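According to TrEMBL, the protein carries these features:
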DOMAIN    10-138  domain 'EamA'
DOMAIN    150-282  domain 'EamA'
TRANSMEM  35-57  transmembrane segment
TRANSMEM  69-88  transmembrane segment
TRANSMEM  94-115  transmembrane segment
TRANSMEM  122-141  transmembrane segment
TRANSMEM  147-167  transmembrane segment
TRANSMEM  179-198  transmembrane segment
TRANSMEM  210-231  transmembrane segment
TRANSMEM  238-260  transmembrane segment
TRANSMEM  266-286  transmembrane segment
Amino acid sequence: MIRTPQAKTLGVLAVVCLVVAFSFSSTLVKRAETAGVLVAFWRMLIVSLAWNVVLWSSGRRVTTADVRAVWIPGVFFGLNLAVFFTGATHNSVANAALIGSCAPLLIVPAGAWLFREHIDPRALLCAAIAFGGLALVLLNAPPGGDATLLGNVFGVLAMLLQVSYVVSTKHFRRDMDVTTFMATICPIATVAVFPIAIAHGGVFGMSATGWKYTLILSFTSGITAQGLLVYAQKTIQIGTIGIAQVAQPALAVVWSYLLLSEVINGRQALGIAIVTAGLLAFTLLNQPGDRRDRAR
């Protein structure tokens, strides 16, 4: 891992930029005024091309063996994005972002159960507190706002699909490098979502607004943020990046207020604070365990 001061500074800037880019996703998909599954399909297609261009530029190609190795994570990846974007278009950004942010609270216990990874028992209490904060947000949505039960259901399903994606990636990816992995799973994800997009209809009939925000999403969270994440990992510890990403839901609420005029009430603000604090404590408590595991 590169440790020079300049490299560390650039790594920190990369983390800040990727957190901001990811936090815009829910707001941008709502601004698209287009069915979430269509935005997800075209975003994944564009990102698939980008990652494969990067892979081709290094003289490599996706092989049949690569596809066989990670097709399951690829399917989960595509379904997660399609369901999340669909949920975001039927929900408030606060609800969508907060539900999605709770995925690590299930990923870490799943890792402990399936892969015998370390988990601090105190972190489970923090997870319970965070889920309590999430319930406070969901149950106190302002009347007449964008929050809906259907949107919440889609959000929970997307969260479970994200957990499935991360856990299956841990199992199937093995020693595949990041570029090859992304160049492989993105086309698989695109193919997985294509039948759903066709069934929905309008795949080739998106409005100018839909195309505009789909392209913005593709080049921010889909390409730039993912590239920054890969770059940041060269100088910044993964655990530190995870801690920084705890800020994403709160930032998402800020963007929704500025760009969509969505508002939250006092009880929701309290719930967001509880979720953020719970996530932060949960992440911090699991960092020492990760270091102990690496030392063995």
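Placement of Cβ uses the backbone N, Cα and C atoms for every residue, glycine included.
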Stretch among 35-57, 69-88, 94-115, 147-167, 238-260 sharing the most Cβ pairs under 8 Å with the transmembrane segment (122-141): 94-115
Top partner of the transmembrane segment (147-167) among 35-57, 94-115, 210-231, 238-260, 266-286 - counted as Cβ pairs under 8 Å: 94-115
Recorded stretch, among 69-88, 94-115, 210-231, maximising Cβ pairs under 8 Å relative to the transmembrane segment (238-260): 94-115
Tally of DSSP helical, extended and coil residues in the domain 'EamA' (10-138): 107 helix, 0 strand, 22 coil
Close approaches to the transmembrane segment (69-88) from elsewhere in its chain (Cβ under 8 angstroms; 6 or more beyond its ends): 25-26, 29-30, 35-37, 39-41, 43-44, 96, 99-100, 151-155, 157-158, 161-162, 164-165, 168-169, 172-174, 176, 181, 184-193, 196-197
Summary of DSSP states over the domain 'EamA' (150-282), given as helix, strand and coil counts: 111 helix, 0 strand, 22 coil
